[in-house]
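Chemist: My questions all concern the structure below.
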Amino acid sequence: MHRRPPFSAYIIDTIGITVLPSSTVQSGTPVEIICKAKVSHDNIPNLTYTFELRRDDVAIFSSTVTKDSATYEILPARVADSGSYECRVTVKEKSRTSFSQKLEVTGLQTPTLYLDKTTFYAGDDFKATCSAPEERGSFIFRFFQRFRNEEPQQMKQVAPIGNFSETTLILRQTGDYFLYCSYEINLVSGTRRSNRSNEIHVNVRVLQITPVMNVLPSPNVFEGELLEVVCKVLTSVENVEVFLTRDGSVLKKALVSLSHRFRVHEGDSGEVTCKAERGNVQKETYQVIRVKELFSKPHLAVNPVEIFEGEKFKLTCSATVYVPERLSNETVQLYIYKDNVKLTSSGTYISVANPYKNGNYTCKAYAVSQGHSILKQSQTLVVKAKVLVSEPVLSVVGGTLVLGKSFQLLCHSDRGTLPIIYNLHGPNKLNEQRVVSKPGEQAIFNSSAIFKSSDLNNFICHAKNSLNSPSMVGNGRQLLHSTNIIEPVLNPVLTIVPRTGYVSEGQDVKLTCSVEKGTLPIRYTWYHIGKKGALISQTSKELQGTYFIRSVRGEDKGEYYCETNNPANETKQSAAVMIIVKMAGWKKGLIAVFCILLILALVLVIALKTRLLQFKRKGTGKLLVKSAGTKVERLSLTQAEVNEAANATPGMMGKSVWSERVSGSESDDQNSEAAAEPQYTNVQTRQADPNRAPVKKGIDTEYSKMRTSKQGFPEQADGHGSVEYAQLNRETDHHTDHGIHVDHSVQDDHRDEVDSVVVDSVVVDSVVVDSVVVDSVDTSTADHGE
């Protein structure tokens, strides 16, 4: 049985898009856009297609159908429908887009202009409407005017309301105009402009509404007189308003005409304007009014100008008459007011200044001219009695004074009206001035350093705020009681106990840091030169501080100094003192004992060496001098022994070079030889080679000491009496140049001397010993063991 696979197979082959009747059509032509899809599948039933049409990448149509095509109708097509179209088809999970197809719609609808009126006055506004009811899209409408035969000018550009635009226009110049409009549509491909609309002829007439103004009885009047201003418009036009204004203020308003009556005062001089208005049209005319004063504005003055509490002051009010033919001085009444309360009906007021007399004073002048009363008021005069400055008080800024440092002084009075002038006098010809004129300001003076507290008595401060009153004086005596006076520490000195500075190890050292004077408490700090940081710091309420070094050690030696400080915050340093640490007594005794023991050991070693050397000399003589019949024994020197000989001291050379290897038979021979008659034989070797290296000095010295010449016996020359010198090393026989040769010839010329034995050269295990001369060997002495 055949089974359908669990999933369906399909593929979108092609997507086509068609524009009918063509891709370029005239505006108003019906247009169809057809999307068609070709899909291959394995007999999928009820296959659906979703078609989406986009113009310039904006979706404008979507449809889901079971057939393989969809149609979008544009009835009719307009310019706004122009653009690039694409069709996208979705089948189940797959989508595919067609190639783009352009549609070009040509020809915009000609707009229509409408005006609500065609005849009006210059400056009147009117409504204009421009429309293109058959078009769609994004519009911009423009309105144009053409005055007579001049070039057209754009009047306004307006945003649309759908496919039309309505606005208000104004023509301010009289004459004939021709108005029209046009529009634009913005597309992705560019801007399309329409043709001009119909032109409408407009006639703008002149509006005669210029007002006429009359001032009665005359623009030039005296104060107090009655004045009338008439303003009207001679026209038949309705809805004309008339305004009377002065200095930006509207005095009166009416339709067509008005009349305004008022009594003039000295401040009414100026320009009066009459304005006529209809719609957006305004016309105006103006007239200058001049008001002459009969008398001046009253003036109020005070004497003295500077008033202090308790002083008498006088207020005077005065006015000047300008037109004596109309007004005399006697007819002008003067009044003085305080805070709008009348004080007197005359022009003079006298009183004593106090806080209750402070206030706002004014003066009023009243007169009657030709039955008309005139009232004028002076400026406001503020009277406020000043307060005399009180006795100033001196104080140190911050409340603390450090002797020897500069400081600041404040001079202040609790009472007194500003401005106040302060003058400070003091030591070192100090004379400075400060003026305090604003609340919150202070009279602060800079002073150089003083070195005694009593110098504060020499400061004096003067305060003054009145020209007619003497200065108030404050002295510096109170500074001693109100100031925290700090005296810096002076001349710190470091002393030590013991005073010599020499200290034995284990002792205690006392370091005392003291000052001559200074405000307590004082902080003392001790330092050891060469060590980082302070040793110790302490605060004391005395003029000295003490630091102990317990059980002094060798590393405590060196220079010490101390530093002092107090609330003056000035650090002073003492001179350095030296501490020398000596070795402890028991250590000295121990060293002395050690040295004595070392000397004794050296003496003992030297004595032992000397004794051993004597013993070796005797033993060496017995080895060197033998009878002719003595058995030749072999003397061998190893490499180590020769090296040891080269490095040994002179006292040990005999033992190092001439090491004996004596057999038992040789010992017997020596013993027998000791009992026999001693014989003397000259043993002469061959001449020493001058090219050879000299023998070690120690060897020459050692063997030169072996000379003995005490016997002085003549040599016995018989054939059996010669001594044979045995060959030291038989292994050197093959090297004849280094052998030892024995010569038995007798030197007769030296009978009075002990015969000498000369060993020219000995080579033992590649070590050469040259020119060892043995002048004499006393065998008899050796035999006796001396």
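Just so it is clear, glycine is given a Cβ too, placed from its N, Cα and C backbone atoms.
Sharing the features that TrEMBL gives for it:
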COMPBIAS  679-688  compositional bias 'Polar residues'
DOMAIN    5-106  domain 'Ig-like'
DOMAIN    211-290  domain 'Ig-like'
DOMAIN    298-382  domain 'Ig-like'
DOMAIN    492-578  domain 'Ig-like'
REGION    646-719  region 'Disordered'
TRANSMEM  589-608  transmembrane segment
Chemist: Going by DSSP assignments with H, G and I as helix and E and B as strand, what are the residue counts for the domain 'Ig-like' (298-382)?
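Modeler: Split into helix, strand and coil, the domain 'Ig-like' (298-382) gives 6 helix, 48 strand, 31 coil.
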Chemist: So, by DSSP, how many helix, strand and coil residues make up the domain 'Ig-like' (211-290)?
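Modeler: Taking each residue of the domain 'Ig-like' (211-290) in turn, the totals are 0 helix, 56 strand, 24 coil.
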Chemist: Could you give the number of helix, strand and coil residues in the domain 'Ig-like' (5-106) as assigned by DSSP?
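Modeler: Taking the domain 'Ig-like' (5-106) as a whole: 3 helix, 65 strand, 34 coil.
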